[in-house]
Amino acid sequence: MGLGGDQSFVPVMDSGQVRLKELGYKQELKRDLSVFSNFAISFSIISVLTGITTTYNTGLRFGGTVTLVYGWFLAGSFTMCVGLSMAEICSSYPTSGGLYYWSAMLAGPRWAPLASWMTGWFNIVGQWAVTASVDFSLAQLIQVIVLLSTGGRNGGGYKGSDFVVIGIHGGILFIHALLNSLPISVLSFIGQLAALWNLLGVLVLMILIPLVSTERATTKFVFTNFNTDNGLGITSYAYIFVLGLLMSQYTITGYDASAHMTEETVDADKNGPRGIISAIGISILFGWGYILGISYAVTDIPSLLSETNNSGGYAIAEIFYLAFKNRFGSGTGGIVCLGVVAVAVFFCGMSSVTSNSRMAYAFSRDGAMPMSPLWHKVNSREVPINAVWLSALISFCMALTSLGSIVAFQAMVSIATIGLYIAYAIPIILRVTLARNTFVPGPFSLGKYGMVVGWVAVLWVVTISVLFSLPVAYPITAETLNYTPVAVAGLVAITLSYWLFSARHWFTGPISNILS
């Protein structure tokens with residue numbers, strides 16, 4: 001009994017919890033996620049089945065298989081630089097606030113409140129837009145599945161109205177909010193299931209679809225055919241190619257979820273960065289396989305994009321449907337394959353709400369949101385329950401813009417990519433400028449390459465911000481104008497105005513809750 005009989009038991013905190021306390025926060029959420037669970041949430045939000053399937057038309061229209069095959073690796077490589085820089089910062093600051101907390105720490109005392117404010121609002125609005133976009137895409141996919149199941153566009157199939165689609169969207173969000181009200185241990189299991197579903201789904205579809213197809217593209221076609229027949233008045237090869245990159249960049253986003261889940265992840269200073277990097281890396285590999293497999297079933301691009309085909313112009317749905325119909329005389333197998341994708345999209349939306357709610361919880365914990373005390377409330381299951389339902393409600397309201405104008409909805413959805421990547425870039429640029437000599441890395445460090453990778457990441461975000469703002473059709477009219485710059489400028493104007501007239505007087509950046 002060498003230490004004496006009055007020794008009391010002292011619980012051992014893991015490295016992530018120790019670091020959280022050093023940063024000024026007490027543990028309020030249940031820390032129960034493994035490194036695989038952390039990865040699974042980001043991987044499920046990236047969800048190559050979701051992003052590629054729902055935006056395949058864009059890649060096919062702008063450059064075809066060449067843009068899809070080569071553009072995916074180009075966008076993926078630069079996105080990995082963004083992810084590596086984020087992972088390094090995450091290792092040093094593993095909190096649910098993620099990006100906005102990083103900005104505050106890296107900007108220094110003078111600029112911390114403003115940097116934190118702008119990063120936080122771009123991040124959370126971008127996340128809400130992602131959820132709105134994903135669940136609306138699922139509602140549209142369900143509509144296409146119903147259309148094909150009832151005979152297709154040319155066989156008297158049922159196509160729901162815009163109000164039906166928005167109703168489905170609302171129902172999906174309601175289910176996602178219910179699921180996210182469950183304990184984190186349950187969400188961890190569902191997240192792991194979602195990751196496995198995405199992995200297996202990609203493997204099955206990338207092999208099955210070209211195998212079943214009676215007409216296959218040649219390898220030369222897949223790797224060299226450049227489609228310029230976009231019907232949108234754009235003829236420049238370079239311009240067409242960069243517009244086609246939008247599919248890839250839209251897909252590989254949302255991996256900041258691993259950072260937002262760090263307060264619920266064991267050894268978060270190590271496993272948070274691993275979650276970010278592995279989610280991006282595995283998504284790049286599996287996404288390319290999915291693109292390649294599907295592209296071997298592409299033989300007539302104009303027909304796939306035509307709104308007069310059975311799926312109403314939904315290219316991948318038409319590919320799946322025709323593959324089975326031409327082989328077996330029935331497109332039922334193709335509809336089942338679309339069901340596999342739909343489940344992946346469902347998981348993607350669910351994980352998006354999980355990430356949204358943790359960001360809202362952390363941002364309100366620091367007093368940045370209206371009615372902050374309400375949104376950072378944690379229930380008996382250690383779940384930020386009010387933030388969950390807030391995220392679902394706002395995402396639903398965002399999708400309501402589709403009833404007024406699809407152009408307005410597309411502008412809002414564009415914030416899902418641009419808003420998030422601007423939020424990604426702010427802490428990185430602070431890391432390589434103001435904090436270049438003061439930043440102290442955590443267990444994961446890029447070492448001497450940190451500055452180079454950081455600058456590459458920043459330049460890539462600037463590049464894609466320009467690309468997403470380019471006109472996508474000529475001549476430019478009110479219907480064809482790309483309203484992305486307007487949407488982003490509007491968000492900047494609102495957040496800066498809020499700051500100048502109100503928040504600068506009371507928002508000081510992240511607030512310690514150790515003593516509360």
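Glycine is treated like the rest: Cβ placed from N, Cα and C.
Annotated transmembrane segment per Swiss-Prot: 33-53, 70-90, 113-133, 164-184, 189-209, 232-252, 275-295, 328-348, 383-403, 406-426, 452-472, 483-503, in sequence order, evidence recorded as sequence analysis.
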Beyond the flanks of the transmembrane segment (383-403) by 6 or more, those residues with Cβ under 8 Å of it: 29, 127-129, 131-132, 135-136, 162-163, 165-166, 169-170, 173-174, 176-177, 180-184, 353, 356-358, 360-361, 364, 374-377, 409, 412
Recorded stretch, among 113-133, 189-209, 275-295, 452-472, 483-503, maximising Cβ pairs under 8 Å relative to the transmembrane segment (232-252): 452-472
Among 189-209, 275-295, 406-426, stretch most in contact with the transmembrane segment (113-133) (C-beta, under 8 angstroms): 406-426
Other parts of the chain folded back onto the transmembrane segment (483-503), taken as Cβ under 8 Å at six or more residues beyond its ends: 114, 117-118, 121-122, 125, 368, 407-408, 410-412, 414-415, 418-419, 422, 465, 468-469
Intrachain residues whose Cβ lies under 8 Å of the transmembrane segment (406-426), provided they are six or more past its termini: 82, 86, 99-100, 103, 115, 118-120, 122-123, 125-127, 129-130, 132-133, 136, 246, 249-250, 253-254, 256, 398-399, 457-458, 461-462, 464-465, 468-469, 478-479, 481, 483-484, 486-488, 491
